[in-house]
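Colleague: I have a structure here, written as structure tokens, and I will follow up with some questions on it.
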Amino acid sequence: METHQLFKKNETYNGFYAMLLVNRLQMLYFFLIMPNILINPYMIWVLIAVGILSHLNLLLLSKWLLTRLSSNGYNGFVQLFGKKLVRFLSFIGLFFILLKLSVITLGYSEIIQTFMLPATDTNFLVFFILLFCFYVAGKGVEHTIRFVLISFFCTFWIITFFIFFFFPPIAHLSDLYPLIPMEWKVENWKAFFLILSSYSGPEFLVFLGPWLKTNNKTFRYLSYGNALTVVEYVFLFIASLLYFGSDFLSKSQYPIVNMARYFQNPVIERTDMIMLSFELFNLVFAVSLFLLLFYGASKIAFGKMSKPSSGKGLLFSAFLIFIGMVLVNELFWKSWEKQTFLLNLQIIAGSIGYFLVPLVVVLVMRKRGG
Amino acid sequence: MRLHKKRCKRLILLFMTFSLSGCAPFTENNLIEEISPITFLSISKGDKGELKVSTIMPPLSKENKVVMSQEVSLLKEGVQKYNLNFYQEMKSGQMRMLVISDELGKDGIMSIINVLLTDPDISSRIYLVIVKGNFEKYMESQLDKDENFDYSFYRMLKHYEVQNQGELTVVNLHEFKNLLYTPYSDPFLPVFKLEEDGVNYEGTALFKDEKLVKTISSIDDRIFQLINNDHYLAVLPIQEFEVVLGHVRSKIKVDIDSSYSTMTYTVNIDTRIEEYRGEKQLFDPKELENMKKDIETHLEKQTHELLKKMQELKVDPLQLGIQTKRPFSKPMEEKKWSEMYEKMDIKIKYDINIDPLTDANSKRQNL
């Protein structure tokens, strides 16, 4: 039996993979609940505006990816920040990853519990999801990145079904009025940060430098991925406005799933169940990637970089994450008010992470490199 | 990863068996022999202000079917009582219709609608129907004659819903909810009357918010189908002129003046004459023109009366209020709109285009 190196680097992936990575990391849990926070039709413009902002972020990201430092992985970061700071930052990063992991996994399992398995405890669902992810992550970073292809093709087609809502009798143009904001409420700021947080995810590409083949076309591919996400978000949001009307939207807990529930098919009655199951591919991809990042970051944070990576270590971090998630589930997620707190925390953490990580990396790089 | 390959495979196998065989821990038991997936529920007013919930059990198997009803104060309590009284567990995943009695409709059905909306098992495609008469008694009398009458009823609603076949109002939960919750609109539902010979379509029930306030029938209902629901009618008989218009298609144009005091409601109709028993020479273009004018005035008068009725009741199933929405201005408050709507002068204009196809009774000219 060969000894498996989780972080070994045999091949690099081209821009197409970078595009898929950006797109799929942005289409995680939040797009399922987003319409019920955005509510107002004029938020379409905010979605697009923040999408453009996200473009600028990707520009910074691509600058970093183009440098020689990024392809050095850990050593590159050490050169940039110094060993101690890298350890400290990794330690903080662990919480960010755990928070993101908890929100997307628990959110997804709760949807599964609501729509498919009402009697099952979400902790079991989390266990099975993590089991899957452990298997994928166990194949190493290379294979996990490659898994994005499967994840993309298993989930992208789902959105095409929603075209159904753009035709009469459901679609009325007046559902999209007023198109410009007449007043700006406090809740709209929450919606703004939610959008920013939904677009977050690509900042994790900062750490995947060694596995990405970069050239002058990298930014183009990254922005294609981002543009695709913006189109998907705007498309889904308009569809939900047409289906629910902006007055009912805030009352629907899972608007996108409820819309999928409305599809009818003579063969499969519950199309939403099939779609939700396919959505699992995307979740498994993202969670596996985060699992590897979590393991890597914990190795750095606890100063174990000299030791080779092992399956046992990964298993241990998966176990830690499982315990963490069960705790978060019991303490926060199951009660509604605390869940909102956790969501708000992730909204803020996601926004800050996405905004700061590429910016800080590039700024420090400029300062050091001159 | 040092996990042995075989062990890995076994793990996956274990997981697959778990998930594929449906023995994931603590799932609901949905064995088909042990559940009864009801297809409809009928809700009416009980004796002491409670709800009377009835359905036919068992809905699937070839056993003798019985009508079961329970008097409960909460709708879901009814489901629980069924479970305690019947050997199969009741499931609502296959529910297709909800039959509501008109007395209950008059009291308001918001709470029932909310129960349906919050249950993820219940599809938002289920049909809502108002019935006049005792549906429970009717079910009992029907069971001997035709056990599958509930299915036939469902097929009928489904037939008229798909592609908007005209003829009758069919409303599902999603449409009802949207009309109920959006400002400037009031919901409506089909009304069926129970008679000796079966369930007969009577017309459309208009709701003021959640309460049934008026049932429109015959010509009013025909016009309602034409101007709102389907914009299509297979046949439109007009007895006054001894004529039947067939394949009537309509297009509506609504104009509101800037002060919101007058509304011009234009109905463009494309149709052909299917039957005529009068004395007019419809081959003569002039006569046809006269006929057209007569029909236009008649329909204008009828529609005007219908809209007047709606204004008096302050109901707006036609969603006329959304005409005031503009892309670049703040939407009007609902209260303000309803005040304006009441006083609004509505002008109806019909523009009919007729192709004469048959005139069996007319004498042919130039023969």
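Glycine is no exception: its Cβ is also placed from the backbone N, Cα and C atoms.
The transmembrane segment feature in TrEMBL is assigned to A:12-32, A:44-66, A:86-109, A:115-135, A:147-171, A:191-212, A:224-244, A:280-302, A:314-333, A:345-365.
Surface or core, plus neighbours and distances: that's what I need for these features.
Modeller: Nonlocal intrachain contacts for the transmembrane segment (A:86-109), taken as residues 6+ away from its ends with a CB within less than 8 angstroms of a stretch CB, comprise 28-29, 32-33, 74, 77-78, 122, 125-126, 129-130, 279-280, 283, 286-287, 290-291, 293-294, 297-298, 300-301, 303, 321, 324-325, 328-329, 333, 342-343, 345-346, 349-350, 353.
Distant neighbours of the transmembrane segment (A:115-135): 105-106, 108-109, 254, 257, 261, 272-273, 276, 280, 283-284, 287-288, 291, 314-315, 318, 321-322, 325-326, 329-330, 333-334; these residues of the same chain sit at least 6 beyond its ends, with a Cβ under 8 Å from one of its Cβ atoms.
Distant neighbours of the transmembrane segment (A:224-244): 18-23, 26-27, 31, 34-35, 38, 41, 43-44, 47-48, 51, 54-55, 58, 159, 162, 165-166, 170-172, 175-176, 195, 198-199, 202, 252, 255-256, 259, 262; these residues of the same chain sit at least 6 beyond its ends, with a Cβ under 8 Å from one of its Cβ atoms.
If you look at the transmembrane segment (A:280-302), the same-chain residues 6 or more away from its ends with a CB under 8 A from one of its CBs are 6-7, 24-25, 27-29, 74, 86-88, 90-91, 93-94, 97-98, 100-101, 104-105, 108, 129-130, 132-134, 136-137, 140-141, 144-145, 147-148, 150-151, 154-155, 201, 204, 207, 309, 313-314, 317-318, 321.
Here the transmembrane segment (A:345-365) has Cβ contacts under 8 Å with residues 54, 57-58, 60-61, 63-64, 67, 69, 80-81, 96, 99-100, 103, 190, 193-194, 196-203, 206 of the same chain, all six or more residues outside its ends.
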Colleague: Which listed stretch (A:12-32, A:44-66, A:191-212) has the most C-beta pairs under 8 A with the transmembrane segment (A:147-171)?
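Modeller: Between the stretches A:12-32, A:44-66, A:191-212, A:12-32 has the largest tally.
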Colleague: Could you give the residue numbers and ranges of same-chain residues that sit at least 6 residues beyond the transmembrane segment (A:314-333) on either side and whose C-beta is under 8 angstroms from one of its C-beta atoms?
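Modeller: That would be 6, 98, 101-102, 105-106, 110, 122-123, 126-127, 130, 133-134, 137-138, 291-292, 294-295, 298, 339, 341-342.
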Colleague: Hey, which bits of the same chain come close to the transmembrane segment (A:44-66), Cβ under 8 Å, at least six residues off its ends?
Modeller: 22, 38, 176, 179-180, 188, 191-192, 195-196, 199, 202-203, 205-206, 209, 212, 214-216, 218-219, 222-223, 226-227, 229-230, 233-234, 237-238, 354-355, 358-359, 361-362, 365
